[in-house]
């Protein structure tokens, strides 16, 4: 080791198995994903809803982020990535709180478990926050506080272990989910839609007229979400590699193509370029590329962007108005269309367009029995392998769909036995002030006070006398 610079020589803080560059990128990627939630989705949710729901929507996201972290280090990580308890679940324990475990090498990659626990936490957190998007404007906050740890424990961990853990049954089958098309987006879309069914719709006046309170601020949150996807997909190879670079570029190319496609469709059919529509198109592109980001070529990423700008747009703008079930369920942020539909589309296209050479680089496999997209299987004379891959993708979609419908329904019914899932009619009518005793823009008004807030005391402080100029002395 004498030839290595002093900074790279192994010591207690830099064991021989650790790669400093990989560890640095893993921590950076995790933080980028964390920023997608806080402040990204906190800002987006708080600004895209009506003014009376700004604080409640933002706090639902903020609470979920904090609650998931405590549950994740307590038991969630081991359920999702620990020793096998069943083909779909790990053994619960508190290893993620112990120094010896956290400072040892992760199950994959050249960095410590502490980095892996942190990286996987931000993915779990954003999944719950995406579910919140379907429930904004009427869910009882106490019920939401119970829902987050229960759903993380009994739903998310099952999907994560099955698909991402090397011992999971879908992982062993060879399902392609590069960075969460199944585990995060399809799960959150289906779970959010299911939970919205059990919670019930918003007040009719809120559904009929739903103006955002600050579209410019919404764009700021959307921008953080978009740029944060660099870590979302770029961190999943668990190594600073050419595959990570490809995944990042494909991610942004797909998002841009999807945004432009959605925008053109809005202009073609409604004669106006919608800002909110462009944001939805951006999101569907990011979601669609996620399960395939590092295993498809650039042209395929553009094709996926064109399709993710068309198909979720059609399901949201046309099918939603035609299908009875979609009309009955009040999905506030259209999470079903932007995440379940787009995630399903991406999962299927991964099974069609996955390049075997890129899959080999990502999954580090020597042979070619798995991870061959149908298009390449037909091209190379291995159509059976391509058909098998597409079949595995469909099995994964079906499993995630069914499991989330069942687990989310059971969780909602259990919570309903303890507290109401829905706010009272007074809270639904008045919004933030009734629920939290605070308002997002109270200080911009004509001197109104927070009726029930602990900040009331601040507003009752006697103001200093004014000088002749009109300002305080």
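The backbone N, Cα and C atoms fix where each Cβ goes, glycine too.
The range from 275-293, 370-388 that TrEMBL describes as transmembrane segment is residues 275-293. In TrEMBL, the transmembrane segment annotation falls on 332-354 of the listed ranges 79-101, 332-354.
Same-chain neighbours of the transmembrane segment (238-263): 19, 21-22, 25-26, 106, 108-111, 178-179, 226, 229-230, 232, 273-274, 277-278, 280-282, 284-286, 288-290, 292-294, 296, 298, 300-302, 304-306, 308-310, 313, 358, 361-362, counting only residues six or more beyond its ends whose CB sits under 8 Å from a CB of the stretch. On the 0 to 100 pLDDT scale, the domain 'Ammonium transporter AmtB-like' (24-441) averages 94 in this prediction.
Listed as Cβ neighbours of the transmembrane segment (332-354) (distance under 8 Å, sequence separation of 6 or more from its ends, same chain) are residues 45, 48-49, 130-131, 133-137, 176-178, 181-182, 184-186, 188-190, 192-193, 196, 202, 280, 283-285, 287-292, 295-297, 300, 303-304, 307-308, 311-312, 315-316, 320, 326, 371-376, 386, 389-390, 392-394, 396-397. Long-range contacts of the transmembrane segment (212-232) within the same chain, counting only residues at least 6 positions beyond its ends with a Cβ under 8 Å from a Cβ of the stretch, are 28-33, 35-36, 39-51, 54, 123, 179-180, 248, 251-252, 255, 275-276, 279, 282-283, 286, 290, 440-441. Counting Cβ pairs under 8 Å to the transmembrane segment (176-200), the stretch among 24-46, 117-136, 143-164, 275-293, 390-415 with the most such contacts is 390-415.
When each of 24-46, 143-164, 275-293 is checked for Cβ pairs under 8 Å to the transmembrane segment (299-320), 275-293 comes out on top.
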